Amino acid sequence: MKSVCGVLIILVVLTTMLSISTFSTVGAEADCPISEAIKCVEKCNQKVEVCEPGVCKCSG
């Protein structure tokens, strides 16, 4: 049972790291909160040009 918990923790950590790196590659600024970045990515279909608190601009 402990090994299952360990695998789940590793998966959560890897998923979090991947999502953070994905947000940085779609143009989300460092000062853009994760919640705001998620909204921008959904709104712009992952084509985010500018992401700041309260500001979300899509590219193309």
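A Cβ is built for glycine as well, from the same backbone N, Cα and C atoms used for every other residue.
Feature list (source: Swiss-Prot):
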type: SIGNAL; residues: 1-28; note: signal peptide
type: DISULFID; residues: Cys32-Cys51; note: disulfide bond
type: DISULFID; residues: Cys40-Cys56; note: disulfide bond
type: DISULFID; residues: Cys44-Cys58; note: disulfide bond
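There are 25 other Cβ atoms within 10 Å of the Cβ belonging to Cys40 (disulfide bond). Cys32 (disulfide bond) falls outside any helix or strand according to DSSP and counts as coil.
Separating the Cα atoms of Cys44 (disulfide bond) and Cys56 (disulfide bond) is a whole-number distance of 9 Å.
It is Cys32 that, of the disulfide-bonded residues Cys32, Cys44, Cys56, has its Cβ surrounded by the most other Cβ atoms within 10 Å. The 10 Å shell around the Cβ of Cys51 (disulfide bond) contains 25 further Cβ atoms across the protein chains shown.
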